[in-house]
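Enquirer: This structure is in structure tokens; I'll ask about it shortly.
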Amino acid sequence: MNAMLETPELPAVFDGVKLAAVAAVLYVIVRCLNLKSPTAPPDLYFQDSGLSRFLLKSCPLLTKEYIPPLIWGKSGHIQTALYGKMGRVRSPHPYGHRKFITMSDGATSTFDLFEPLAEHCVGDDITMVICPGIANHSEKQYIRTFVDYAQKNGYRCAVLNHLGALPNIELTSPRMFTYGCTWEFGAMVNYIRKTYPMSQLVVVGFSLGGNIVCKYLGETQANQEKVLCCVSVCQGYSALRAQETFMQWDQCRRFYNFLMADNMKKIILSHRQALFGDHVKKPQSLEDSDLSRLYTATSLMQIDDNVMRKFHGYNSLKEYYEEESCMRYLHRIYVPLMLVNAADDPLVHESLLTIPKSLSEKRENVMFVLPLHGGHLGFFEGSVLFPEPLTWMDKLVVEYANAICQWERSKLQCSDTEQMEADPE
């Protein structure tokens with residue numbers, strides 16, 4: 001009799017378990033998607049100056065909220081995964097011409113040149129020289145989207161194809177792109193300077209490309225001639241300091257490290273004959289045993305130590321990372337410099353962000369922009385679920401470049417006015 005009376009209570013117990021399970025699932029979803037995170041304008045680090053005040057007036061994106069897609073946009077992992085898998089949505093196909101440059105060591109460097117599709121806002125001839133991320137090139141969707149937008153805003157674009165990254169271009173020397181080698185980028189910039197002597201330059205680098213462009217500008221003062229400004233997006237600034245964080249499992253960095261290492265292995269092995277063939281005059285420190293160690297590598301550091309550093313004759317991984325990182329060159333850059341990172345970038349540990357923060361406190365030409373969200377080269381925008389083709393990053397880089405062009409034009413006009421007042425005839 002008692003059992004019969006207790007039976008109706010069982011469904012209530014089961015309902016409680018179901019509610020608890022649903023609550024647990026919702027809690028996990030909210031935590032994983034970071035749904036409770038607020039939207040806010042990016043944090044800005046800069047010194048008060050005429051340039052910074054002008055930028056704050058001329059670049060609304062610096063002071064407006066960056067609003068990512070509601071459902072998934074506050075997760076740095078999903079932003080990064082979508083960038084890595086899709087690049088961009090509904091990416092355009094800008095038309096360009098591929099240029100080939102023979103380097104002094106026999107390597108064949110390539111870049112793609114895209115002419116402007118409109119007049120620039122200040123009416124000048126301006127070329128964006130663009131360095132993509134690791135193993136990337138002009139055919140990547142995020143590069144195509146950015147180039148198309150820049151063209152429509154009056155910019156000529158030259159996009160470096162990292163040595164060995166294009167699958168249909170064979171290596172012509174036993175060398176491919178490395179973390180901080182600026183040779184190919186410098187050759188592209190020199191070509192633009194000679195071909196378009198009246199053009200001014202805007203330098204743009206994404207991820208690894210950000211390291212290369214900043215290192216290039218800081219290597220010698222001559223590299224900054226005719227350069228209006230530089231923009232670096234989502235770089236890590238110091239490979240030596242980053243290598244320790246890349247072996248940690250928090251924010252899944254060790255997993256990302258494995259995925260990028262696997263992609264690098266595929267690229268290197270696709271050029272096996274050019275790099276390791278019997279007929280190839282390899283660097284003295286590069287041995288056949290390095291190829292076997294490449295097969296078992298599970299991190300970028302192992303690949304860099306066994307193969308990449310040896311292309312340039314470095315004696316150790318520490319020496320390679322110290323010499324090839326832009327951190328030791330940043331203080332030599334005198335043109336306006338905007339450094340952009342996302343606080344939720346799973347690849348760039350927060351400890352690395354002290355580098356641009358410290359630099360912006362010492363140099364008037366530097367502005368560090370740190371939005372809460374965006375992941376690694378994601379920065380998607382959208383209302384609820386589906387992202388827009390154009391990202392916050394694309395718009396910010398062009399908006400900043402436009403503002404710098406207007407700043408330089410206003411300085412020139414003031415200089416002309418002062419000259420006329422000094423010579424009243």
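Positions of Cβ are set from backbone N, Cα and C atoms, glycine also.
Predicted automatically and left uncurated, TrEMBL annotations should be read as such.
Worth saying up front: this structure is predicted, and the values here are computed from it rather than measured.
Below, the features straight out of TrEMBL:
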ACT_SITE  S207  active site, charge relay system
ACT_SITE  D345  active site, charge relay system
ACT_SITE  H376  active site, charge relay system
DOMAIN    127-382  domain 'AB hydrolase-1'
Enquirer: Across the domain 'AB hydrolase-1' (127-382), what is the average pLDDT of the model, as a whole number?
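Expert: Here the mean pLDDT over the domain 'AB hydrolase-1' (127-382) amounts to 94.
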Enquirer: Which residues in the same chain, at least 6 apart in sequence, have a Cβ under 8 Å from the Cβ of S207 (active site, charge relay system)?
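Expert: Correct list: P132, G133, I134, N136, V233, C234, Q235, H376, L377.
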Enquirer: What's the number of neighbouring CB atoms sitting within 10 A of the CB on D345 (active site, charge relay system)?
Expert: 25
